[in-house]
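According to TrEMBL, the domain 'FMN hydroxy acid dehydrogenase' annotation covers 1-360. The annotation glyoxylate binding site is assigned in TrEMBL to Y25, R165, H255. Annotated FMN binding site per TrEMBL: 78-80, S107, Q128, Y130, T156, K231, S253, R258, 286-290, 309-310, in sequence order. Taken from TrEMBL, the feature active site, proton acceptor applies to H255.
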Amino acid sequence: MEEITNVMEYEEIARRKLPKMVFDYYASGAEDQWTLKENRCAFSRILFRPRILIDVSKIDTTTSVLGFKISMPIMIAPTAMQKMAHPEGEYATARAASAAGTIMTLSSWATSSVEEVASTGPGIRFFQLYVCKDRNVVAQLVRRAERAGFKAIALTVDTPRLGRREADIKNRFTLPPLLTLKNFEGLDLGKMDKADDSGLASYVAGQIDRTLSWKDVKWLQTITSLPILVKGVLTAEDARLAIQNGAAGIIVSNHGARQLDYVPATIMALEEVVKAAKGRVPVFLDGGVRRGTDVFKALALGASGIFIGRPVVFSLAAEGEAGVRKVLQMLRDEFELTMALNGCRSLREITRNHIVTDWDLPRPVARL
């Protein structure tokens, strides 16, 4: 196998290695998958304005997120059921994130529990939360995450219902035998025991509460002291409401283009949200990040950091923990190089003036 030189190359390896049902679950988006393509394409509509003749012999990529110091503004997004990609699943991802000195977000729908992930050793970890109809279950999950040393809750708010992912419908997607959604094991879930494992994913999807509203964001703050990141904001209006309702941060996300198709790419929605936040809370981005240049562009538009999702599961499928480590290292190296070539020595030196976007350019006027 020739050497892997960028993050994208893992996708093809994962496609070859994984069962079609599993690969399609990870890779696909909603309906026409327009937003899925756009999440990537939109980055190419942002160009650099590099500054030259600056001493870039020392580059500092470190930053802090909610007060936690990390090695780079590149973190791991929550992705469900990682043991479908590799037997070590979330354990491998947790170790890779810890080794890279960055944050991992564990999915509610993980195939390893919060306690199991905590047992892999030290590391800064966030817990992604889906609010189910039974608030007692939600409270139990949050308490367990707290006890296991997780440092924040990433509340997913773009999923009152699951998006229409046609590949999953065609493949009749189910959780492979012997895998379970570990965070829900042993919870007081009523019918859960009777749901066979194959129906588990659809069962839990059916447990998502469609009544979820801003009052629940307030309620969550009454049951936990952990900071709450609202994940799935795409507009200025919702950014303002998130802050009014006590969010500690905002994640600009379209759920990897798996929910509502024809929403903008997250990199296109980012600046609107950043402007609305007015520096009151940090704004993060996930969706479509595959290069260090993408990371720089997000930061230039005002993001405090980014999260990667699919690159994690694809590299996990290809090479396990070593694959995830390599993805984090490649992105870090590319980002550091992008900083140097743009004349930035630290994150605070990355400004809006380092980029020009499609929507900045004055349209040339035709001369008669």
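Residue positions begin at 1 at the first shown residue.
Cβ coordinates are placed from backbone N, Cα and C, and glycine is handled just like the others.
Feature annotations (TrEMBL) mapped to structure.
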| residue | record | contacts (Cβ under 8 Å, 6+ apart) |
| --- | --- | --- |
| Y25 | glyoxylate binding site | M81, M84, R165, A167, D168, N171, F173 |
| P78 | FMN binding site | T105, L106, S107, S108, A110, F126, Q128, A154, T156, G309 |
| H255 | glyoxylate binding site | T156, D158, T159, G163, G232 |
| R258 | FMN binding site | S28, G29, A30, L36, G163, R165 |
| G288 | FMN binding site | N39, R40, A42, F43, A265, T266, I267, D294 |
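The residues near the glyoxylate site, meaning same-chain residues not in Y25, R165, H255 whose C-beta sits within 8 angstroms of the mean position of the site's C-beta atoms, are S28, G29, A30, L162, G163, D168, G256, R258, in sequence order. Spanning the residues Y25, R165, H255 that the record associates with binding glyoxylate, the maximal Cα-Cα distance equals 13 Å. For G309 (FMN binding site), the number of other Cβ atoms no farther than 10 Å from its own Cβ, over all displayed protein chains, is 23. When Cβ atoms from all protein chains are considered, those within 10 Å of R165 (glyoxylate binding site) total 20, not counting its own. Counting every protein chain shown, the Cβ of S107 (FMN binding site) has 23 other Cβ atoms within 10 Å.
Counting every protein chain shown, 22 other Cβ atoms lie within 10 Å of the Cβ of T156 (FMN binding site).
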